[in-house]
Every structure is written in C-alpha cells, then in structure tokens.
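S.K.: For reference, TrEMBL lists these features for the protein:
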type	residues	note
ACT_SITE	Cys82	active site, nucleophile
ACT_SITE	His170	active site
ACT_SITE	Glu172	active site
BINDING	Ser225, Gly226, Gly227, Val228, Asp229, Ser230, Thr231	ATP binding site
DOMAIN	198-386	domain 'GMPS ATP-PPase'
Amino acid sequence: MERENRILIIDCGSQYTQLIARRVRELGVYSEIIFWDSPKEKIAAINPKGIIISGGPRSVLDVGSPVLSKNLIADVPVLGICYGMQLLAQLFGGVVERGEAAEYGHAVVEIEDSRLFSRCGEDKKLDVWMSHWDEVKKAPEGFRVTARSESGALAGFESADGRVAALQFHPEVAHTPKGREILSAFVFDICGCKADWTLGAEWVSREIEKIREKVKGGTVICGLSGGVDSTVSAAITQRAVGDRLYCVFVDHGMLRKDEGQRVMETYRSLDLNVRYVDAGERFLKALEGVTEPERKRKIIGELFIRVFEEEARRIGGSDWLLQGTIYPDVVESGHGGGGVIKSHHNVGGLPKDMKMGLLEPLRDLFKDEVRRVGRTLGIAPHFLGRHPFPGPGLAVRCLGELRKERLDILRDADAIFIEEIRNFGLYDDIWQAFCVLLPVRSVGVVGDVRSYGETIVLRAVSSLDAMTAEWVRLPYELLDTVSRRICNEVPQVNRVTLDVTSKPPATIEWE
Ligand SMILES: Nc1ncnc2c1ncn2[C@@H]1O[C@H](COP(=O)(O)OP(=O)(O)OP(=O)(O)O)[C@@H](O)[C@H]1O
Ligand SMILES: O=c1[nH]c(=O)c2[nH+]cn([C@@H]3O[C@H](COP(=O)(O)O)[C@@H](O)[C@H]3O)c2[nH]1
Ligand SMILES: NC(=O)CC[C@H](N)C(=O)O
Ligand SMILES: [Mg+2]
C-alpha cells in the first residue's frame, strides 16, 4: 500500500513534541502527533512515510515508562530523539545506563558520514543542545555510531541501511543550529517525503469541499470571539455553506474597551452573518461574589454553551456547532496523566447530551498556520496579527470579585498599555500583552492628599505556542509613559507594577 506523504510523531511526553511537529511542517510536510500508548490501529491508520520518536521525562530503565512494539516501526524509517534514541537502543538490543551526571544545554558533537548529516556541510563538529541523564553505552549489534560528544559519549547511531536512526541531542530546538538540515535529511532523503503542505488556495478549496460534504444541507452555528481562530473557522465555513452559517458574538461584559463595537465592525467588513448578544448582566450576575479562578472559568464556560443553545433554538435548531479549536488545544487536552492547570472553556467542556455535531476545520493546524489560511482567505493582516484573548476575557485578569466598576478600571488601564505599545511600534513583536487588576489596595499621595488606590500589573510575554513564555524586556521609556498615563487617566489607580515571571513557573494569565 502506498504510504501517505506525512510524518508520524510518537509522543513519549517531551516538552518539545509539538516543536518537532512544527519543524516538520515548516519543511512543507504534514506531521501528526500521537501518544505512545495509543491503540495500534490508530497508529496504523496514519500510514506515514516516516516516524519520529520524541524525548521524554521518564527513564527507559524504569518500569512503566513509554514503550513501543518493534512491529510498529518494522518497515518504515524511524528517527529516535533523546528518550526515543534510548528506546530504540533498548528495542534493538543495545545498552542503556544511568549516566554519572546529567548533560544539559549546549554541547559539541563529532559526526561521522551519514545520510542524516548529509545536509550539514563539511564541518565534522556540530553545535547541539542536550537534555538528558541516561546514556546509551553500547549501540545495538549491527548498528554503527554516527555521533559522539567531546567526552566520547555516544550521541547518535544508525542501522546498516540508515532507516533506523537515533540522536541523543534535540534537532528540533533552535539551539541546535543545523537541526533543520538534519530533519530535512530525514524527512526528504531517508523517508522520501515531498513538500506539499502549503496551506494555500488548494488546501483551502479542499477543506471547503470537506465541510460541504459533511454539513450537506444542514445549518451551522458558530461562537465568534473576534479572535483569530474562530474568525478564520467562520470565514472558511462560510465559503462552504453560505448563509446557512449563523454566528454569535457574546458580549459577556468582560471584553476589552470598545471591543464589542470594534469586533462587530470587522465582521461587517468580512461579510459574515453575526448576531451580537448582550449577555453582560447575565454573566456578571452568575459570577457575583465568586473569586475562585476555576469556579469563574466553569461558570463562564457553561453560560457560553447556554447562550449558544438559545441562539440555536432561535434560528429553529442547528445541526452543527462550529468551533475554532486548533491543534495545540487538541494535543493538550488529550494529554493523559497531566494535572489540570486551568479549564479552558472550549476544550472538553461541551455537554454530553449535545445534539449538534461538531465542526472543527482548523483542528489540525498550529496558530501560525491558521494565520496563513487566514491570509489565503483574504483576511486583513492587522486582524490576523491580533494578540490572543482568552474566552473568559477580563474575568481571569480581574483578580477577586468581578464588578462592573472594577472591570472598567481594568479596561481603561489596558487600553492605555496597548495604545502605548502600538505607539512604540512594538505590538507585532510581542506575543501577548495586557493589564491585570489586583485585589490589593495601597497608599499613595497626590496633591498632598492621601490616596488608597488600586494596583495594576503590566504583563507582556513572548512565546511560540503559549506552552512556555518569557517576559518581554519593555523599554523603560514605554513603562514610564504607561505608568504615568494610567495613574493620571484612571484616577482609581495609584500604583503600576510589572510582572517579570516567565512560564513556567507562572502562567501567562493570572487565573
Ligand atoms: N465572546 C465570545 N463569543 C462567542 N464565542 C466565543 C467568545 N469567546 C470565545 N468564544 C469561543 O471560544 C473559542 C475559543 O476561544 P479562543 O480564545 O481559544 O480562540 P479565538 O478567540 O477564536 O482566537 P484567539 O486565540 O486568537 O483569541 C472561540 O473559537 C469561540 O468559538
Ligand atoms: O480561549 C481561551 N480560553 C481560556 O479559558 C484561556 N485561558 C488562557 N488562555 C490563553 O491561553 C494562553 C496560555 O495561557 P496560560 O499560560 O494562562 O494558561 C494565553 O494566550 C491565554 O490568554 C485561554 N484561551
Ligand atoms: N530529554 C529526554 O528525552 C530525556 C530522556 C531521559 N529521561 C533521560 O534523562 O535521559
Ligand atoms: Mg480568543
């Protein structure tokens, strides 16, 4: 059977699994992630041209750590990375032991001639990035060593025909400068993939056809947030079903300043059929006195669904619910074993007895890919470049009790912060920026008079996929302007502070 032009990534729990998938897709080849313990049939159905086994936090020496059956990788090229390499070593009869010390960060390896390194140039020394403790002490019988670190430790091996290859270091991270060349060699030269994953007009028309076939003559209801994911989902679905798509934009009273109005204007220019539902009072009433973050999220998530259901009834019933679910949502919510950090309202929160079918046209795409589809659909770049905004909105940025007066303070401060970021020309360089209002007051002095005012926190982060984030070193001049303007123009606030925590250990939002 002809294999599909795609790469399967088997996730053994690495922090970088999504990064491997992104790197392969950046080469123009579709890749899909699956957990190591997924049913065999599910893995077989993907029928890929190549498999990459990710790293992972466990040790192959422990009982219960991720394992794979040899059958699964019998007649397809496979690349094991870190834990994946240790697993391959074990599977084919090599020796893995606990190393004396962890090797973490930058390292230099000496490489041998190998198809995997054929695109790396002449230099036999490669800068790479390592993160491991266990070591492969002996490559399996019949395999040859392809890389060693300066200490002599084994850093790569491959089978005689090169179709089973392994690396101790991580080619997927930016700190391995030749990583892209190594992955290209695997994907194109060893697996024989073609670069056909472009998300251009062809992908879009195929997707439109798929939606059409699925929906048939039915009607579709869509929760539109003004964000990138739901807007691109709606735009592509509208091409498929036309005016049988009904969009609902819920104003839950926790939107940013003037957002309701602005979002509706945008949608008019996109020619989408959108109904604005003013549910502010209803949401705030349901949230009265609630301060616990998870309770807030649950209440909001449920009310969202109630509103969608009511709207569906209003149009005489709907056959489909359209959601802007994207790939990271799918991968993260499927992660067995990991504890719940926050309940994201659109993942896993749907009522079990829901009668509508789910339509999720972007569920295979990463955020940057969604933006690319948006461009193909002709959506304006300034819209596609918008910072993400969480469904629960300012509820998770207004700590403590949610009252309209407090939300207004936060709205005003936030609008100033964002306006100044734009004035300084930094909006597109920042992944996400916003203000937080603390449930803490402090003493100040203005015009010789004591004040006892509110505290605003400024938060700006850079990130790739929201899984990890770094705080942005904003210029002092910007911070100074923002702080002055907030205290002058939002009289309830007398203190402005800056959040200088990355994720982990913090998260991006405060609740
Ligand atoms: N105010 C809202 N009204 C209607 N639906 C909403 C609203 N807020 C969120 N949703 C729904 O929840 C989904 C998830 O929100 P999420 O913030 O992850 O995506 P988004 O808003 O489309 O994009 P972005 O990540 O760019 O903000 C949205 O796709 C949308 O269907
Ligand atoms: O649609 C959403 N519904 C939610 O419930 C939600 N919670 C957080 N976020 C956004 O997700 C990214 C990661 O946020 P955290 O680091 O706070 O978990 C950041 O971009 C957050 O803004 C949400 N988006
Ligand atoms: N990053 C990894 O995959 C680490 C693998 C294994 N847990 C080790 O410590 O060696
Ligand atoms: Mg959003």
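Using N, Cα and C of the backbone, Cβ positions are placed for all residues, glycine too.
Give me the local environment of each listed feature.
M.R.: Long-range Cβ neighbours of Cys82 (active site, nucleophile) (same chain, at least 6 residues apart, Cβ-Cβ under 8 Å): Ser14, Ser54, Gly55, Gly56, Ser131, His132, Leu167, Gln168, Phe169, His170. DSSP classifies Cys82 (active site, nucleophile) as coil under the three-state reduction.
Cβ contacts within 10 Å of His170 (active site), excluding its own Cβ and spanning all protein chains shown: 24.
The number of other Cβ atoms within 10 Å of the Cβ belonging to Glu172 (active site), over all protein chains shown, comes to 27. Reduced to three states, the DSSP call for Glu172 (active site) is coil.
The number of other CB atoms found within 10 A of the CB of Ser230 (ATP binding site), across every protein chain shown, is 22.
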S.K.: What is the separation, in Å, between the Cα atoms of Ser230 (ATP binding site) and Glu172 (active site)?
M.R.: 29
S.K.: Relative to the Cβ of Val228 (ATP binding site), which residues of the same chain, six or more apart in sequence, are found under 8 Å away?
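M.R.: Once residues fewer than 6 apart are set aside, Val228 (ATP binding site) is near Gly324, Lys367, Val370, Arg371, Gly374, Phe383, Leu384, Arg386, Pro388.
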S.K.: Starting from the Cβ centroid of Ser225, Gly226, Gly227, Val228, Asp229, Ser230, Thr231, the recorded ATP site, name every other residue in that chain with its Cβ within 8 Å, sequence order please.
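M.R.: Going along the sequence, the neighbours come out as Leu224, Val232, Ser233, Gly324.
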S.K.: Limited to the domain 'GMPS ATP-PPase' (198-386), I'd like the whole-number average of pLDDT.
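M.R.: Mean pLDDT for the domain 'GMPS ATP-PPase' (198-386): 89.
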S.K.: Which of the recorded positions His170, Glu172, Gly226, Val228, Asp229, Ser230 have a Cβ less than 6 Å from any atom of ligand 4?
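M.R.: From His170, Glu172, Gly226, Val228, Asp229, Ser230, counting a Cβ under 6 Å from ligand 4 as near, there are none.
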S.K.: Which residues does Gly227 (ATP binding site) neighbour through Cβ under 8 Å, counting only same-chain ones at least six apart?
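M.R.: Result: Gly324, Arg386, Pro388, Phe389.
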